[in-house]
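Swiss-Prot has this to say about the protein:
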- 1-27: topological domain 'Cytoplasmic' (TOPO_DOM)
- 28-48: transmembrane segment (TRANSMEM)
- 49-307: topological domain 'Lumenal' (TOPO_DOM)
- 290-303: region 'Pore-forming motif' (REGION)
- 308-328: transmembrane segment (TRANSMEM)
- 329-378: topological domain 'Cytoplasmic' (TOPO_DOM)
Amino acid sequence: MGFSFDWDDIFQYSTVKIVRIRDRRLGILHLSFLVGIVAYIVVYSAIIKKGYLFTEVPIGSVRTSLKGPNTFASNLTYCSNQQHNGSTYPFTPLECNYWDEQLALFPVGQDSTFTCTTRVRLSKQEANCNFTDPTCKFVDEPGSAKNIYIADIESFTILIDHTMYASSSGSQFNAVDLHGYILNQDGDEVQIDANGTSIGVSGKPDIMTIGQLLSFGGVSLDQASPVDSNVSIRYDGVVLFVFITYSNTYTYSTSDFKYVYSVQQIANTIYDVPETIILESIHSRLLYKRHGIRVIFIQTGTIGSFHFQTLLLTLVSGLGLLAVATTVVDQLAIRLLPQRKSYSSLKFQVTESMSNPMKKRITTDEGEDVLYTRIEGL
């Protein structure tokens, strides 16, 4: 039994064919798809979403400094050594000491972080043994340990000096050169410029009180600690994230830069750090176990610059929708409409072998096949 091959079938070539179907239903549907897709690509992707911008996250540095108030508050309810004018404190009050910024700030010299003390456990410790002995340990001198609060820490002011840099666009600014905002508890962007404090005012450094910083994060030092409801945050300490978000994409002018502070308390976290002061010998020391407000600055944001390749990619990625629209209309024409048989036979054509006269078979809507010969002249 022999096998015969038709080389024209084996090496057949499929090509694109354009058929103009005079059907208003298909035409209006396809035109609607095209208008919607062009509007999506040009208006939404390219213009509204700024698909012509190459964006990057800036880097930067943050420097902070602390300053005590000119006049301290008194009669504080959390101070056991002060008059309270009949007010009560919901937690156990402690003795209060008035410290300046040099004492209240610890640790010092850290990048992108800031810490100020709210409570200290002070103790004098002695090691009446030789450190060659593995059991040698420091112990508190009897009666030397005491807890104190740092009075009126909320009135201290913090200066925040930050700089941002975006490598691709070459943008570099200091906070003094920009206008900025801080988010309040309602999520609104606000500026501050009163009573010696300022936030986001171009030409002025950012200065706010510790109390303002806490309030923007929804934190009070006299609310319950997140890990022990029997003591306050003033007693245990707190850790805050301060996000500095830079942007030049909030308008259609990439020369307009701004930054926004947002303060977020880290849940279920307190802060303490030990400070050791050696006295007359290494066997004698003062131990300050500090609890306080730990602020961690995180610089982020979106800096954009015009980039032709990014615009081209935005346009090309949307053009794929045009092929989808054409496919949907084609399938509607050849599978769903009453004229689907005629439309299908017009869309798909299989020629006779090149060795035979060219013919074309078309199916009518009634299902009848009509054979055309010499189709080169059709």
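Cβ coordinates are placed from backbone N, Cα and C, and glycine is handled just like the others.
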Check: In the topological domain 'Cytoplasmic' (1-27), how many residues does DSSP call helix, how many strand, and how many coil?
Finding: 8 helix, 0 strand, 19 coil
Check: Cβ under 8 Å to the region 'Pore-forming motif' (290-303), counting only same-chain residues 6 or more beyond its ends: which ones?
Finding: 55-60, 62, 64, 106, 112-120, 153, 158, 160, 162, 164, 166, 168-169, 171, 210, 213-214, 235-249, 257, 259, 270-275
Check: Apart from its near flanks, which chain residues at least 6 from the ends of the transmembrane segment (308-328) lie with a Cβ under 8 angstroms of it?
Finding: 30, 33-34, 37, 40-41, 45-46, 51-54
Check: Under DSSP, the region 'Pore-forming motif' (290-303) has how many residues in helix, strand and coil?
Finding: 0 helix, 14 strand, 0 coil
